[in-house]
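Taking it in order: structure first as structure tokens, then the write-up.
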Amino acid sequence: MHDDSVTDFDADETLSALPQTGEREVEKTLRPRHLAEFVGQPRVREQLELVLESARRRGVPPDHVLLSGPPGLGKTSLAMIIAAELDAAIRITSGPALERAGDLAAMLSNLAEGDVLFIDEIHRIARPAEEMLYLAMEDFRVDVVVGKGPGATSIPLEIAPFTLVGATTRSGALTGPLRDRFGFTGQMEFYADDELDQVVRRASAILGIEIDPAASAEIARRSRGTPRISNRLLRRVRDYAEVRADGRITLDVTRAALEVYDVDELGLDRLDRAVLRALVQSFGGGPVGVSTLAVAVGEEPTTVEEVCEPYLVRAGMLARTPRGRVATAAAWEHLGLRPPPDYGRSDQSTLFD
Ligand SMILES: Nc1ncnc2c1ncn2[C@@H]1O[C@H](COP(=O)(O)OP(=O)(O)OP(=O)(O)O)[C@@H](O)[C@H]1O
Ligand SMILES: [Mg+2]
């Protein structure tokens, strides 16, 4: 689903927000099926409830929905929930899979009335398919071009009224016309610790794991605001509890396990730490452009920007400024370093405003 480069980097990463090989199966078991089961995101949930309920009352498919936010926050889960709440079938595809407009036309013409069409990574859709989508979203119609050159004709084809659910980790990369055609955009935020605590307890119950409240709170706190990570840490801590203890997850077991897996106090992953270290050690704390920073850690700029930075910003470690990325004093301290004496008062301070 993601770039190979991205998946490769994270292949052995306990902390990555991206799904790991073979993880999709477990994720399916743990996926909430209904809005009421979906923890957190109160704003998006309430907005969605209204959109869905009003459509249900009017007996029409709801407006097209765009879900935007960093990996692992529940976009795919929500898309499935939308279909389940509407009692509708869901067809699933992704931006990169829709390289030719013909692929999309085939998909669209197979939709039944009220179906949900889920396009993951919709910002990566190819241009011709995107243009076809405009008309489909607006008028439930596609123009199929037959023939080539001056003799080419376009045949309008009606499609059944449907609801498009798009997911993106980069809403900024969507073109204006595409974004405008969504009636509702749900902006997913990182989860609060107490919400992730509920996610961990729910997953424990489903997987039959015995866990102490202090332990689930600890896992939640170190999960980078991301349910995918809290579910994964839970499974790693369970492994430890089974092999090195009596199977029950206590706070001590949790701490010892997270130590083994090299999960730091804040739950930052290897790439997060590499970015901070490069910023602080190679560039004196910044400001430095994101592409330069990406080269320094051997990653694609988009990975640094979409996977790594959002959480570093939210954790107060990194600031995005017009002149580039800047490490906060907290970042130096987190790496066990002391910022220069006037740090944050000279060059960088004006940037934090
Ligand atoms: N609100 C939630 N409540 C409980 N579990 C959740 C919630 N959100 C996500 N999860 C768990 O996290 C896993 C990952 O969620 P999901 O696949 O929906 O994320 P995503 O935003 O689509 O990620 P990506 O951008 O990588 O596609 C799910 O399998 C589910 O177990
Ligand atoms: Mg997804």
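Numbering starts at 1 and runs along the chain as it is shown here.
Note that Cβ sites are derived from N, Cα and C of the backbone, with glycine treated the same way.
Whatever TrEMBL says is automated annotation, not expert-curated.
TrEMBL has this to say about the protein:
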REGION    1-27  region 'Disordered'
COMPBIAS  1-13  compositional bias 'Acidic residues'
REGION    11-191  region 'Large ATPase domain (RuvB-L)'
DOMAIN    61-194  domain 'AAA+ ATPase'
REGION    192-262  region 'Small ATPAse domain (RuvB-S)'
REGION    265-353  region 'Head domain (RuvB-H)'
BINDING   R320, R325  DNA binding site
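Contacts of R320 (DNA binding site) defined by a Cβ separation under 8 A and a same-chain sequence distance of 6+ are given as E309, V313, in order along the sequence. Less than 8 angstroms from the CB of R325 (DNA binding site) sit L279, G286, P287, V288, G289, V290, L293, E309, L318, A319, each of them six or more residues away in the same chain. The average pLDDT computed for the region 'Large ATPase domain (RuvB-L)' (11-191) is 91.
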